[in-house]
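Engineer: Quick one: this structure, given as structure tokens, is what I'll be asking you about.
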Amino acid sequence: MSQRTAIRIERHLSMSHPPAACARLYGGPLAPTADVRCLQHGVLCCRSAHTDAAGRQALALEFADAYPFFHSHDLPVGDPAGRPVTNIQKAVTHVDDKQVINQRQLAWLTASIISSGGVLTLQNVLIRISEMDAWFSYLLPVAYIFVIAAFFAYLSMRFPGKNLFEIAQLLLGRWGGAAVSLLLLFHFWMIVVRDVANLAKFSSTLLLHATPLEVIILLPALMLMYYGQTSVEVVARVNDLFYPLFVITVLLMPLLLANEIDGRLAMPLLTAAPGNLWSSSMLALGGAGDVFILGAFLHTICNASHIRSAIRHGALLGFFLLTLLLLLVILVLGPKMPGNFFYPTYNLVQMVHITDFLDRLDIIILTIWFPTIACKIIAIYMALLIGLGSLLKKHDYTVFNKPVSLLLTITCVLSFNSTTELLSFSNFGSIFIVLAYQPLIVLLLAVAAKLRKSAATAPKAYQASEHPPSQRSSTLGRKFTYKGWLWLGNGFMAGGLLFIVVGCLLGRQMPAAGIAGGVGYALCLTMTVLTTYMEVNRLKQSQAGG
């Protein structure tokens, strides 16, 4: 039986599936004497031959282990007569039907988190440090996200149906898990405050000069309050509508700016000091740390391979767009002047002129960009609410929505006094925050999961996540399995690093070597985007039975 079919049956249990068949299908420990009834939508009840409360509590624990999609608030204790338990407040197991997204939505959400906020910050600093070689700065962040994707996939494989906060509490206990959760929540809080403040300062500086900053900040807060009543699936679907338009717009920028591009402004390539290139890469790594918020959504996808490939593809797509924009900034505005701009990408967009009648396309492009950064902010806010719910043992995280959104508004108003102060925090503060705790959490949880080999054994419906698909289908994919595309993408990234190293070593003495290194890196980056797309596509074909 396919994984999709198994999950569908799991989420719609009824008397048409006998208990023994359910236990055999999911590999769960439910005894054949157990009787699982569907009382109503999202509410389940158990009946078994056990006549004492202890036996029924043990059955409830077995039920929770067998069906990780269902979240139990209270252990159901039935009446001694063995009748179905109908007291919903004491014997209910809820399922959150909203918290389900597919790998494409996760990939685009990852790309939106990386690219939508990246056009507001850091680009001027990267150009100031590495000048014409600034567009090589995103290789190290890509490698970092590859590690994070593998880490999330491992946790999802070991603990299916759990998010990062729940996994931390399972592995580290109540107090250790609470400490990790507080660290994550503090970082997520700072990301939301930073992005809302960046959006408000950008709008106030360039678009809404006469509007009070407090009013501009209040509008995103109201948006967060509205979407905080929904789920990540709603955000993913909204992002599905707008992010493709953003991608198309960025990919059309070379054509729209064809008459403004001067290739000589990017020459010579790979002549910056290696220390400068390393510094700019480390600063870019701070922005990549935002992807850690996806750990709050691990429970929305049950297949570990889907999580890894979706995050990899989304990260490559996002950094590819940022690399393209940064290269265009250098080719159009030069390697010196953009370092003095607050928002070089906005200045780049202002250079787009299509005849004398279409010289203000920046308003149209901003109309496409605003929803994408809104989706990023909402996704991080949802991760914050989910983390609060997990920490305080509240399954319904919407109870925190209004107080948290209003507190965020106050925090945004009081945090920064000027645009310069905000950009300094965004550009230089993120890397220290990310490196201060994320590698430690990754190492700590990975070691704890290794030591606890017997914990959270996945039911059979999830076993496919441990074994990536190996079927061969489609014309392009016949020569490569999923693992083949995975390692091919890693090989292209290693090739990009090799091109940069060789170019830096020979670029000053041989300008042709620098050009060859730059062209080789661009080709490797493009091919890695394609291979990660084939990873996602290969998994999709396998899931469909192709």
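Using the three backbone atoms N, Cα and C, a Cβ is placed for every residue, glycine included.
Heads up, TrEMBL stuff is auto-annotated, nobody curated it.
Quantities reported herein were computed from a predicted structural model and do not represent experimental measurements.
Not my notes, these are from TrEMBL:
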- 106-129: transmembrane segment (TRANSMEM)
- 135-155: transmembrane segment (TRANSMEM)
- 175-194: transmembrane segment (TRANSMEM)
- 206-228: transmembrane segment (TRANSMEM)
- 240-257: transmembrane segment (TRANSMEM)
- 277-302: transmembrane segment (TRANSMEM)
- 314-334: transmembrane segment (TRANSMEM)
- 363-387: transmembrane segment (TRANSMEM)
- 399-416: transmembrane segment (TRANSMEM)
- 428-449: transmembrane segment (TRANSMEM)
- 485-506: transmembrane segment (TRANSMEM)
- 512-533: transmembrane segment (TRANSMEM)
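Help me picture where these features are in the structure shown.
Structural biologist: Using a Cβ-Cβ cut-off under 8 Å and counting only residues 6 or more beyond its ends in the same chain, the transmembrane segment (135-155) has close neighbours at 126, 162, 164, 167, 270, 277, 280-285, 287-289, 291-292, 294-295, 298, 304-305, 307-309, 311-312, 315-316, 319, 322-323, 326-327, 330, 438, 442, 445-446, 449, 490, 493, 496-497, 500, 518, 521, 528.
If you look at the transmembrane segment (175-194), the same-chain residues 6 or more away from its ends with a CB under 8 A from one of its CBs are 164-165, 168-169, 224, 289-290, 292-293, 295, 377, 380-381, 383-384, 387-388, 390-391, 408, 411-412, 415, 422, 425-426, 430, 433-434, 437, 441, 444-445.
With a cut-off of 8 Å between Cβ atoms, the residues of this chain six or more beyond the transmembrane segment (240-257) that come close are 104-105, 108, 111-112, 115-116, 317, 321, 324-325, 328, 331-332, 348, 351-352, 354, 361, 365, 368-369, 371-372, 375.
For the transmembrane segment (277-302), the residues of the chain that approach it from at least six positions outside its boundaries are 3, 7, 69, 99-103, 106, 109-110, 113-114, 117-118, 121-122, 125-126, 129-130, 133-134, 136-142, 144-145, 148, 152, 155-156, 160-167, 184, 187-188, 191, 232-233, 310-311, 315, 376, 379-380, 382-383, 386-387, 427-435, 438, 461-462, 465, 500, 504, judged by C-beta separation under 8 angstroms.
Counting only same-chain residues 6+ beyond the ends of the transmembrane segment (363-387), those with a CB under 8 A from a CB of the stretch are 109, 112-113, 115-117, 119-120, 163, 165, 181, 184-185, 188-189, 191-192, 195-196, 199, 207, 220, 223-224, 227-228, 231-232, 235, 238-239, 241-243, 245-246, 249, 290, 293-297, 349, 352, 397-398, 400-401, 404-405, 408.
Residues 125, 147-148, 151, 154-155, 158-159, 167-168, 171-172, 180, 183-184, 187, 190, 194, 282-283, 285-289, 292, 455 of the same chain lie 6+ residues outside the transmembrane segment (428-449) yet bring a C-beta within less than 8 angstroms of a C-beta in it.
Outside the transmembrane segment (512-533), and at least 6 residues removed from its termini, the chain residues within Cβ reach (under 8 Å) are 136, 139, 142, 267-271, 309, 312-313, 316-317, 319-320, 323, 485, 488-489, 492-493, 495-496, 499-500, 502-504, 506.
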Engineer: Please work out which recorded stretch in 106-129, 206-228, 314-334 has the most C-beta pairs separated by under 8 angstroms from the transmembrane segment (399-416)?
Structural biologist: 206-228
